[in-house]
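Participant: Quick one: this structure, given as structure tokens, is what I'll be asking you about.
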Amino acid sequence: MGSDRWKNIRGTPQMEDSVQEKSQRKGCGYILCTVLLSVAVLLAVTVTGAVLFMNQYHAPSTEPPPVITTNMEDPNALVTIERADSSHINIFIDPNCPDTFPRLEGLQSTMLSALADHDSEQKMAGGKERALLTSLSDQVAQMVSQVARQRADWENVKKVQNGLGTEIGALKNEQGRLIKLLSEGQSHVAQLGSSVSEVLETVQRELGSGRPRLKADLQRAPSRSARPRGCANGSKPRDCYDIYMSGQQEDGVYSVFPIHYPSGFQVFCDMTTDGGGWTVFQRREDGSVNFFQGWEQYRDGFGKLTGEHWLGLQGIHLLTMQAHYQLRIDLEDFDNATAYAVYNTFGVGLFSVNPEEDGYPITVSDYTGTAGDSLGKHSGMKFTTKDLDNDHSENNCATFYHGAWWYRNCHTSNLNGQYLRGHHASYADGIEWSSWTGWQYSLKFTEMKIRPQREEN
């Protein structure tokens, strides 16, 4: 199609030359005929006037007037006058047209010049058009090439996309498989952790009741059974049991002097419950003391000995290092119902060279009582406060349950929790003993106290 148009463009000037030449010839013919006709008319009028003039000034004649006609027989004669005597007068026009043809030639030259200029302009316009067509053709070729490249790029992108889709599908399948394996692994780890915890509890029970106490025995003073009852010979009482055995059997505040702390400190002694001689180290009864304290307070103790108080981890450790102690916990709810739990083996930091660095771990086993065992699962755990997290939970159990305790992950008892007065909407953040009242009942009264095991008396 482009080549046909190119041929048409190239053939256009020749056709225009032929048309222009024909137009020039036709124009010259019209002008020549017009001039000749004008001259003929003028001559005819002149001849007619002359004849009339001659007729006017000569005697009238009986001869008929001359007849003026165009001579069709002689193509060179413009007009023929036939006289009365049948003679003819032919009027000719010089075919060279001496005055008209130069002007016609000038006009023709002007027209030819104009036509030449017009042809030149058309040729110039045709050249510009050809240049424009060439430029457009180049641009179209470039665009076609670019489209072809883009199409090829798009095909490559589609291939890459398909490959990525396949790889992503494979990765998703692998991810699902790994998630399944991880879930199974977590389940196995949880089972293993539970098994290990049970084994540790068993070992701790054995340690608490048997040979591992040897290390603690080596750090203790001579056996209590070797010392006379009543602290004879001026010896100082090591705990409330010594005071009870010396004859003082009224409840109250007394001074005790543990073997490894000869300067001593004061404690509250329960001389009436289950045979007396109990050294109290924790009491909750009215909510008058804030038990949501930090590490230093729980290490050193706080509160009032005759009311709500915590003796202190250091004091509990010093007492339980002297002999084999048992723990008694008395509980009371807001309906005045009571229950108790006794652990025949109890100690804090028994096997620690530096108990504070070790977190004052608890050893407790051999439960009996009516409240249910809500402390045995805490055996072996370090003490946790709101500012020192020693538990196994991702969160700080002391902060989460608003207390301080030997938390594991997190608790089955929380006797240092908030004093919430019975049933509460929050979960397990009151004074809880879950095996007796569940996790949403805060007890009215609790008391934790220790005494040497009776077989050592």
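Just so you know, the numbers here start at 1 and follow the chain as drawn.
Note that Cβ sites are derived from N, Cα and C of the backbone, with glycine treated the same way.
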Participant: Just confirming the record: what cysteine out of CYS97, CYS269 does Swiss-Prot connect to CYS240 via a disulfide?
Facilitator: CYS269
Participant: Compared by Cα position, which of the recorded positions ASP391, HIS411, TYR427 is the closest one to CYS269 (disulfide bond)?
Facilitator: HIS411
Participant: Mind checking which of CYS240, CYS269, CYS397, CYS410, ALA428 has the fewest other CB atoms within 10 A of its CB? They're the recorded positions.
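Facilitator: Output over recorded positions CYS240, CYS269, CYS397, CYS410, ALA428: least Cβ neighbours within 10 Å is CYS410.
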Participant: Suppose you look only at the topological domain 'Extracellular' (55-457); what would the mean pLDDT be?
Facilitator: 83
Participant: If I take the Cα of ALA428 (site 'Implicated in ligand binding') as reference, which of the recorded positions CYS240, CYS397, TYR401, HIS411 has the closest Cα?
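Facilitator: Ranked by Cα distance from ALA428 (site 'Implicated in ligand binding'), first place goes to TYR401.
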Participant: In the structure shown, which of the recorded positions ASP391, TYR401, TYR427 has the fewest Cβ neighbours within 10 Å?
Facilitator: TYR427
Participant: Work through the recorded positions one by one (ASN336, CYS410, HIS411, TYR427) and name whichever has its CA nearest to the CA of ASP391 (Ca(2+) binding site).
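Facilitator: Considering only the listed recorded positions, the nearest one is CYS410.
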Participant: Can you tell me how far the Cα of TYR401 (site 'Implicated in ligand binding') sits from the Cα of TYR427 (site 'Implicated in ligand binding'), in Å?
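Facilitator: With distance taken Cα to Cα, TYR427 (site 'Implicated in ligand binding') is 8 Å from TYR401 (site 'Implicated in ligand binding').
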